[in-house]
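**Student:** Before I ask anything, let me first share the structure, which is written out below as structure tokens.
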Amino acid sequence: MSTYTQPVMLLLSGLLLLTLAIAVLNTLVPLWLAQEHMSTWQVGVVSSSYFTGNLVGTLLTGYVIKRIGFNRSYYLASFIFAAGCAGLGLMIGFWSWLAWRFVAGVGCAMIWVVVESALMCSGTSRNRGRLLAAYMMVYYVGTFLGQLLVSKVSTELMSVLPWVTGLTLAGILPLLFTRVLNQQAENHDSTSITSMLKLRQARLGVNGCIISGIVLGSLYGLMPLYLNHKGVSNASIGFWMAVLVSAGILGQWPIGRLADKFGRLLVLRVQVFVVILGSIAMLSQAAMAPALFILGAAGFTLYPVAMAWACEKVEHHQLVAMNQALLLSYTVGSLLGPSFTAMLMQNFSDNLLFIMIASVSFIYLLMLLRNAGHTPKPVAHV
């Protein structure tokens with residue numbers, strides 16, 4: 001059976017268009033708020049509203065998928081995000097945008113949960129790593145192209161909203177030509193997210209998603225600040241961030257394939273060790289290009305491998321709930337990690353960015369090394 005079936009390819013095609021729209025809005029909304037002379041705290045609160053929507057969307061989507069299936073859940077999520085886009089143009093103001101960014105956050109999280117769950121349910125224990133690697137590649141390529149679009153087109157609010165909303169709705173079109181089957185058995189009771197978070201045999205995967213959120217959130221949010229404080233120009237900062245993200249894109253497929261072939265525990269151990277090495281290299285002022293490349297290649301691929309690990313440990317009908325738990329764990333890590341690291345950097349040294357990344361990675365490595373490798377055989381394999 002082919003890994004990249006027609007439903008999978010069409011799903012990823014639609015996701016690419018949605019990711020473009022999401023990346024453009026996430027970049028421009030803070031700038032539009034600043035142009036409206038809103039204070040820094042107001043910009044921060046609007047951003048928090050979006051992430052709060054992410055959390056709510058993550059919690060709701062499992063129920064929606066069980067009720068109406070993957071296809072219609074995907075359509076609904078896309079329409080919710082499109083409404084969040086278009087709503088920004090109806091009334092410009094703090095409270096209005098607070099509400100619309102919350103709506104967009106709900107839609108965005110629903111899209112991620114639907115797509116990730118559909119891919120995991122479509123795959124097996126032998127190819128799930130490659131499926132999630134393809135998903136992450138589409139995500140990062142879409143984010144990169146979205147940033148490129150921002151630099152090439154008009155960034156005026158009323159110029160951007162029509163085509164961004166159009167992109168979101170166009171993301172629905174590929175799935176009109178296929179049906180992604182929801183293979184959760186109807187006679188199974190709903191699985192709670194809490195039970196997935198407490199599942200002992202999947203704990204390494206859950207912890208891996210939290211660590212991944214801390215690492216990626218810190219790199220995305222604080223790496224530009226670190227480089228700026230080192231005297232790097234804005235143009236060069238863009239170049240070094242491109243190196244970091246490009247490494248993440250290039251690492252997805254080979255690492256996903258290695259995880260499928262040699263086992264996810266071994267690959268996770270190597271990945272985390274490489275993240276620690278990359279962090280030490282940055283602290284030692286070694287050649288920045290190779291240091292950032294190995295940091296990006298290993299750090300940006302932690303999430304899909306940890307997710308695939310956790311999904312091996314549950315029954316097939318529990319995959320959607322497990323995906324919700326993993327996305328929730330990642331979101332919590334990406335929210336708390338940068339906040340704590342930023343406080344350390346402000347009060348002590350910018351080098352705390354890489355000390356923090358190396359420290360949490362080392363803790364996770366100890367967890368991985370404690371696992372003797374005689375875990376139960378994967379059960380979510382059909």
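Keep in mind that glycine also has a Cβ here, set from the backbone N, Cα and C atoms.
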**Student:** Using the topological domain names from Swiss-Prot, determine whether T124 and V320 lie on a common side of the membrane.
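**Tutor:** According to Swiss-Prot, which assigns topological domains, T124 and V320 fall on the same side of the membrane.
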**Student:** Cβ under 8 Å to the transmembrane segment (235-255), counting only same-chain residues 6 or more beyond its ends: which ones?
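**Tutor:** Tertiary neighbours of the transmembrane segment (235-255) are 129-130, 133-134, 136-137, 140-141, 143-144, 219, 223-224, 227-228, 267, 271, 288-289, 292-301, 304-305.
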**Student:** Determine which residues of the chain contact the transmembrane segment (325-345) at the Cβ level, with the cut-off under 8 Å and only residues 6 or more beyond its ends counted.
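**Tutor:** 51, 54-55, 58-59, 109, 112-113, 116, 193, 196-197, 205-207, 209-218, 220-222, 225-226, 303, 306-307, 310, 352-353, 356, 360.
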**Student:** If we call contact 3 or more Cβ pairs under 8 Å (sequence gap 6 or more), are the transmembrane segment (131-151) and the transmembrane segment (14-34) touching?
**Tutor:** yes
